[in-house]
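Asker: Here it is, the structure, as structure tokens.
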């Protein structure tokens, strides 16, 4: 099986909440696509409830695009401790951190309907929790986000 970057990360040594450059891929045409680990919870110490994570995905998909250019995708992690961000190019981690903080501030105060929540727009439109999503955003902001360097497993 192909190597998976996140399986080489020492999850016991990172300190959430954080932003981490998880990798950069070069397309056949030479474009760069950067993947960022946007971690809200400490690995193996908790998990975001699925409805809250689904709402975070919807809100951050829009709000991150408001604060950062060339966003390709925002996707929840299977472990439910954060999300991945894919961006064209190689924005510096500090710039991604600032955009993530701004998007979390927007999420923490979001008081309108959740975007993309209808049977036509979403594959599981009933599974959302705005209040919990707002609380996760507030908690991460209160704890203070930072840039986390990749710490590889010693094998």
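Just so it is clear, glycine is given a Cβ too, placed from its N, Cα and C backbone atoms.
Not my notes, these are from Swiss-Prot:
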BINDING   54, 58, 122  Fe cation binding site
Asker: Just to confirm: which same-chain residues, 6+ apart in sequence, have a Cβ under 8 Å from the Cβ of residue 122 (Fe cation binding site)?
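Answerer: Long-range Cβ contacts: 58, 116.
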Asker: Near the Cβ of residue 58 (Fe cation binding site), how many other Cβ atoms are there if near means within 10 Å?
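Answerer: Within a 10 Å radius of the Cβ of residue 58 (Fe cation binding site) lie 23 other Cβ atoms.
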Asker: Can you check what DSSP calls residue 58 (Fe cation binding site), collapsed to helix, strand or coil?
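Answerer: Residue 58 (Fe cation binding site) sits in a helix per DSSP.
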Asker: Under 8 Å between C-beta atoms and at least six apart in sequence, can you list the same-chain neighbours of residue 54 (Fe cation binding site), or say none if there are none?
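Answerer: Residue 54 (Fe cation binding site) has long-range Cβ partners 76, 124, 127, 128, 129.
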Asker: Enumerate the residues of the same chain, 54, 58, 122 excluded, that satisfy the criterion Cβ within 8 A of the mean position of the Cβ atoms of the recorded Fe cation site; list them in sequence order.
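Answerer: These residues sit around the Fe cation site: 55, 57, 114, 116, 117, 124, 125, 127, 128.
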